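Feature annotations, courtesy of Swiss-Prot:
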BINDING   GLU84, GLU88  Mg(2+) binding site
DOMAIN    27-162  domain 'Nudix hydrolase'
MOTIF     66-90  motif 'Nudix box'
TRANSMEM  170-190  transmembrane segment
Amino acid sequence: MKCVVSRADDLKRMLDLSDVPTKSQGEQDAGVLILLHDDGSEKLKVLLCVRSRQLRRHPGEVCFPGGMMDDEDGQNVRRTAIREAYEEVGVNENDDYLVLGNLPAFRARFGVLIHPTVALLRRPPTFVLSIGEVESIFWIPLSQFLEDTHHSTFLIDEFYMVHVFQFDEYPTTYGVTALMCIVVAIGLLGKLPNFNLMGNLTISDMLDKHLDSIEIIRHVYEFASRKFEPKSKI
């Protein structure tokens, strides 16, 4: 346990996490759990889900365990993430993982404000998938989200850059899920991506300004929750 706590403190510092969950905006709020696994192989991994193809919204897409805030969550988005992760994949906060803190909120294209809670696995859990919500789950090394080998982008409304990772060994991951994975990878691995991160944060920008990982992810945080207004590229 001491080793887990020590590692957790390191990860929290590297991601500049907050002890206080981001606040509900009183609109469309969702909580997700970014669950990390450090197996000692020097390949820090993150858990991702493939949504059930029976769902009406975003069937078959890759996402983090999580969902929309309910009244029972008491306007606490961390509770939302913890509850949804248990309902969807069967992981329990008390037994399976240690909460590290929260990232700032990220806004999805259709207005949902996603509040990520970051956690570190304590032990290998026994996953129990909610068949109606989750088709499958997979662990993927964070390093995959910094390489340009399987990476591409496209623009929405001519201004919003969407990252796409079409892996050979893993399901295709894109959108706000991919962006959050990139941010976590930059912070925890201390490396720059081999591609432009945003329209206003290119490889040249990052290198010319000698930005470190914390400066880069703080730049992303600054823009991540903004509403979609096609005036400036992000």
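For all residues, glycine too, the Cβ spot is worked out from N, Cα and C.
The Cβ of GLU88 (Mg(2+) binding site) has 25 other Cβ atoms within 10 Å, all protein chains considered. Residues near GLU84 (Mg(2+) binding site) in space but far in sequence (CB under 8 A, at least 6 apart, same chain), listed by position: GLY31, VAL32, LEU33, PRO65, GLY66, GLY67.
Long-range neighbours of the transmembrane segment (170-190) within the same chain, counting only residues 6 or more positions beyond its ends whose Cβ lies under 8 Å from a Cβ of the stretch, are 11, 14-16, 32, 34, 36, 44, 46, 48, 50, 61-64, 103, 106-109, 114, 116, 118, 138, 140, 142-146, 162-164, 197, 213-214, 216-217, 220-221, 224. For the motif 'Nudix box' (66-90), the DSSP counts in helix, strand and coil order read 16 helix, 4 strand, 5 coil. For the motif 'Nudix box' (66-90), the model's average pLDDT works out to 92.
Secondary structure counts, DSSP: the domain 'Nudix hydrolase' (27-162) has 25 helix, 56 strand, 55 coil.
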